[in-house]
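To keep things clear, I will list the structure first and then write my remarks on it.
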């Protein structure tokens, strides 16, 4: 077995994945509605083929051979080998027929979830969620290496190298920090004016503005495109084709504005991975958390920065053709950073968002480490919203059935979002030592920011672990204080609070 | 070998073809410009896989088995078997290394063609065209069965069952008929006014009009979509996903109007093939000529029909919001059917178009049956334009290098376009015996026309040969007189000629 042969096999798997990527993108952006049955067949066929190859004889042979011939691997080959080995062990440790039964359970759970949403009642999906939890509890011993608890195993599938012990401390600190900021705002803050945010801005006006912004912050449209969809996403076929999508609300321009800035961050990441990882499983992001750190760097670091908005306000006014002529810059800027407790995660502002994640994290931990019954979940969920955000869902649609993740088996995934927030703030703090971020965002040329992120994060693709990337880029492990400090500076300014 | 197993193999090949179809559609409609290299790799990989499967051991085994076990095949299975056998023999008879060398020659010829276009000089591609001709002359003996001449072999690859002997007679009759109509028009015709055709109609106004028209004539948007492209085409992934494309000229609405009507005809054909042929090579059109007959039925039969335009004129006026308020219906209608000699095939009107094809047919015959030298081709081309259309190209870009076909090895393909014209007129003549076409096109409901075409043509997919389809649908073999008569009625009306 030559490295070349191993890499060729991976390249072919990667090309199948690319074709699947386009089929998926098309399904979400404009596939004729009547063709979903045919589409399901071709996706099932190609993804089956890709999966079989990824655990097939060639990959097996390569893993066995290079296990004792690591000296024959190039540097890239070595990184690829490690990654493939990890993935193989994850995919291959579960008996095939149990995995198949699990996939059927996921399909049932998705159907039950849609039903539960319709009737706003978690009971409609309780049995199916129980089944998924049972499957995962059955699988965890297969996956487990040296993780301390069951939930550590799940957490590590999305954020390798992170532990419940560490995350408990981090989330505790973050929770206290956010709740203090919220208390101060409630006590002493001046609520910003926001009425004009809902003035009509046409889709074409919004598109002009957000495309311009996305390009300025480094998204390369010659290696991507912007399309309409229902649930926005970024999907990269490869580093020359990283597509972003958005939805538009003509009576709330901020949705697409921050949405596109966010997805552009994912896209810039994929566009900037080193070409030496082309056609390998390393040609993607390091983890969900690191990927979110890049989208959130755009959305909550750049997107909250006063100098950024000051610089772009004239362009915004030009695109909106007079609609905001009566609004001065300070009033406009403040309106973008209103904070308010809300029940629905995806509508939350940047200050309260991490609390939504912490609630889910605590519940997931209870499920896998304390064996809480699914009967209690809805009650626990509502109590936690009461406790942390001071509001209580009136039904399960506003509560526990709002997210698709659990019915999709994605337990351990939610923390990634909050990790992304914390990584983003920590990266900005490190960047600031070399680059005056305010200064760059006041200028015509934003490339120093993108270049810094490419140098420290993007280029490595999935060749380094999240904790290593953050340590190398910032000189210290994950530290939630940077996010707390950043939030404080932004929100105290907007709410006119002097410390 | 069970039929089920044979069909499963074909289904998998068909699914690879579907994925390739989407990749191709995407390349032509909006793929990020920088991603062509990656796209080339994945297309090369998947098309290689599809081709290998189509001549691979499973197909070979099935063909060998069913050769002596036809009794085990269902009716659909039998039709499929025959089609696969034909394709296998076509694909498999040429030695693999010669086919590979030919593909390289095609790539070189395409590059040379682009060069020849740039310098407007056929000499720049002469050597490469000679190479392709030499390859085809080498291949013809492998393909040849009972065809009379070399060129018959090529012709039959696009229109099975047609011979040079028959086509010579048909084209001679058609040529005389068209030239007589042109002479009469030149002598006695009143040229219609056309200046207002170039008034500005926005893309959105045009889109509203043509989408409405396409839907009315039977194109199902829930199983298709309309996108922008440079070179318009229809591409069907399957019968639930037959996509059409167009280009727009805001100063010439008729381009997209007739373009979309044309492509919609291809789309309706694919959408209407019987579901029993799903995932087999029969789930497509019977031939290039029959496919063109459906697009041209829309473009030149419906699209030339006065009652159709009378009915749609108010909708056209509504979509164009006052731009044509000063134009009465007769003037408008006449403008659409102006005829004028031109040098470029794809810009030709419906009366002169078949002459462009006949010129190419005659030259192709000379190349393969009379061994005319490529040195003479440009001269012969220009002389024929002089003779048949009374105009002479000033350079080869206006002449022999205008089409991509020859550099792509597609000798024998051009006649399909003219066959499409003649089939369309002959089908209308047959349809008229059962349906009052004018009456239907004056009404709100155009479905009787589409239903007739589905019943007689569409539903069969590629399970019947073109000559059989035409004979069954019209009660007689191909007869060019219907096209001549139809052209006469349309153009004499527009040019105010009384016989």
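Counting begins at 1 with the first residue displayed.
Even glycines carry a Cβ here, placed using N, Cα and C.
Caution: TrEMBL annotation is automatic and unverified by curators.
Note that this is a predicted model, so its numbers are computed, not measured.
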Record-annotated Zn(2+) site (TrEMBL): member among B:250, B:292 besides B:262, B:266: B:292
Listed in sequence order, residues not in B:262, B:266, B:292 with Cβ within 8 Å of the centre of the Zn(2+) site Cβ atoms: B:234, B:263, B:265, B:291, B:294, B:295, B:296, B:298, B:299, B:420
Of B:263, B:292 (the recorded positions), the residue whose Cβ has the fewest other Cβ atoms within 10 Å: B:292
Per DSSP, three-state class assigned to residue B:266 (Zn(2+) binding site): helix
Alpha-carbon distance [residue B:263 (active site, proton donor/acceptor); residue B:292 (Zn(2+) binding site)] in Å: 9
